[in-house]
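Please read the structure below before turning to the comments.
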Amino acid sequence: MTSMYNFKRITCVPNAQELKDVVLSKTQRKTPTVVHRQYSIGRIRAFYARKIKFLQQTLHDKLTQIITEFPKMEEIHPFYSDLMNILYDRDHYKIALGQMNTARHLIDGIAREYVRLMKYADSLYRCKMLKRAALGRMVKLLKRQKSSFEYLEQVRQHLSRLPSIDPATRTLILCGFPNVGKSSFINNVTRADVEVQPYAFTTKALYVGHLDYRFLRWQVIDTPGILDQPLEDRNTIEMQAVTALAHLKASVLFMMDVSEQCDRSIEEQLHLFESIRPLFANKPVLIGLNKVDIRHRSDLPPEKAALLDQLEKEGIPIIETSTLTQEGVMGLRDRACDELLAQRVEAKIQAKKITNVEDCVLNRVFVAYPAPRDEKVRAPFVPPGLAAKRAQKKLQEAQELMETDGDEFAAKIPQKPGKIGKEKIAKGGSQSTDLGDLRDENTRRLEREIELEMQDDYILDLKKHYMLKNPDEKYDIVPEIWEGHNLADFVDPEIQSKLENLLREEELLEQAGEYESDLDSDDEETKEKLKLALQIREKEKLLTLDHAVNKRIAGRIGSRIHGSRKRDRSMSRLENELGELGVDVDTKKMKNLQGQCAKPQLGKKMKVGRSRSLSAVRPAPRDELAFPDEEKRAHVDKLRTKAMRGLRREAKKGEADRHVYDLKPKHLFCGKRGNGKTDWR
């Protein structure tokens with residue numbers, strides 16, 4: 001159903017036999033099952049009393065769920081209340097729920113009685129018999145309510161199949177004789193698929209379709225056909241339509257068969273319209289002349305056309321439609337929706353929001369004012385005491401007004417020149433506000449009043465009302481304290497003059513050329529020196545990078561390869577590097593050096609003893625390279641050990657260990673123990 005009434009959520013109602021089996025089985029499963037006569041009598045009594053209480057609580061919960069989930073006739077919308085009365089019989093429905101409630105109270109009483117009797121049982125056998133009697137009596141009550149359980153289950157099934165009707169939303173209701181085209185109309189304007197047959201009473205229940213008009217959601221209700229007979233003679237099918245017309249605030253579409261193929265004449269259809277017309281009160285009503293594809297309104301005899309014209313004179317629109325050719329269908333739908341929208345908007349405008357009962361009563365009270373009979377003034381007599389109270393009340397209201405409204409206060413209080421105001425008026429100023437008439441002599445004047453009197457001459461003084469031992473200290477300068485220090489102790493009173501002296505000295509130094517550079521960088525010699533210095537710096541950077549790369553490579557491959565590496569120093573490299581640095585080397589000297597370098601050594605090498613070669617330099621472990629010193633590494637090791645405590649406590653191998661151990665060993669949870677004498681109980 002809607003958000004208010006969702007009858008589909010009602011739990012299934014078991015029959016008496018099923019409920020008995022369920023509760024007894026649950027009692028046997030959820031309570032202990034082994035007791036021995038060797039136990040103390042208190043333990044035996046508690047064993048059987050627990051079973052009685054458990055069954056009582058289980059039945060209490062089941063019956064309470066049934067009672068609370070079914071809707072109460074007095075609490076739901078009148079439309080659903082009357083519809084349930086028509087479909088299920090209000091008295092039968094209430095009696096069934098009442099029997100459930102009575103059974104619940106009787107079961108509670110039986111349980112209390114037998115738990116009390118259990119205290120006087122002196123053996124296991126007597127306790128068992130009391131438990132058996134208690135369970136038997138409680139289950140016997142369920143068997144006696146067999147018909148009520150079956151009836152409530154049928155009601156639940158039918159309620160869950162009812163259409164989703166929202167009594168508060170925008171609604172169109174189709175009504176009329178059977179077989180006049182109501183179901184065909186709802187199939188055309190909505191996506192509903194109502195069965196359409198050429199015989200009467202094809203529709204035996206309410207059907208709902210939904211449409212969108214002007215970006216709003218509308219529901220269209222197809223009602224069963226209504227026959228022209230007294231209300232007490234109508235059957236259940238017809239009363240569903242009457243209930244919808246009586247309780248739903250909707251636009252009514254009375255469908256008529258102008259071709260008279262529904263075995264009803266125009267006069268009979270209009271007579272039905274007049275008989276159910278009281279149900280259309282305060283609702284927009286439209287008449288749809290259906291089946292105009294067979295017979296138009298203009299083809300009607302004069303006496304029948306006159307009857308329709310009489311309805312139009314009464315303000316009831318009549319629109320010709322044909323559900324076969326779609327003629328006039330959308331026009332009738334739009335006209336009905338527009339009239340209902342206009343009525344809802346007008347009702348919202350005229351409605352007044354009433355918050356409490358007093359406003360509700362005062363809204364209906366008419367106050368009469370007597371007309372004057374002559375020109376004589378008959379003023380009311382006000383006692384002096386009452387006048388003083390009124391003045392005091394005005395003063396309080398004025399003070400509250402000043403606190404809330406601020407500048408608007410001057411426009412809402414009486415204007416009268418005070419002492420200062422009179423002086424200003426004498427000097428040609430404007431009249432100011434005085435509240436002297438609204439207060440007594442002992443009341444202190446507010447700053448707001450003084451401000452209104454003095455206007456632009458007012459200066460706010462918050463220190464004049466300070467209550468100090470020495471009144472002369474009111475206007476002393478309060479020291480500014482920051483973190484326990486007086487800021488005045490850190491301020492040099494002559495700092496401004498000292499700053500001016502420093503600025504003056506700087507100006508004199510600038511004028512004397514103290515900050516001018518002695519190096520003239522415009523001559524050619526200076527430019528050459530700067531260029532050479534730049535080249536030297538770049539060369540140093542390259543050598544530094546080259547050395548770092550070679551050192552890193554040597555550290556990886558070890559000293560064995562380093563010892564057999566080819567000598568990279570040569571005369572050409574030396575000459576190029578010295579030339580780049582601007583050193584002039586004689587060509588002859590370079591040739592002599594080259595010759596000496598290339599001269600091979602003659603003779604055998606002298607065999608001399610040598611010490612053990614250095615081992616290859618092994619790189620440090622990666623987990624140690626990340627730390628700058630040993631202290632940092634020790635701190636990280638401590639944190640790692642602390643983080644692993646939880647894993648060790650849970651016996652996990654590491655952070656990725658997600659193994660779930662067997663929490664239910666089969667030998668402990670199988671049906672029987674291995675010796676064949678005892679079961680799992």
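The chain as shown is numbered from 1 upward.
Heads up, the Cβ atoms here are built off N, Cα and C, so glycines get one too.
Copied over from Swiss-Prot, here are the features:
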DOMAIN    170-341  domain 'OBG-type G'
BINDING   176-183, 222-226, 290-293  GTP binding site
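For the domain 'OBG-type G' (170-341), the mean pLDDT of the prediction comes to 91.
Mapped onto three states, the DSSP output places G176 (GTP binding site) in strand. Residues within less than 8 Å, Cβ to Cβ, of G176 (GTP binding site) and separated from it by at least 6 positions along the same chain comprise K182, G225, I226, F254, M255, M256, Q269, L272. Within its own chain, N179 (GTP binding site) has P198, Y199, A200, T202, G225, D257, Q261, C262, D263 as residues 6 or more apart in sequence whose C-beta sits under 8 angstroms from its own. Long-range Cβ contacts of T223 (GTP binding site) within its own chain (separation 6+, distance under 8 Å): I173, L174, C175, K182, T203, L206, Q240, A241, A244, L245. DSSP classifies K182 (GTP binding site) as helix under the three-state reduction.
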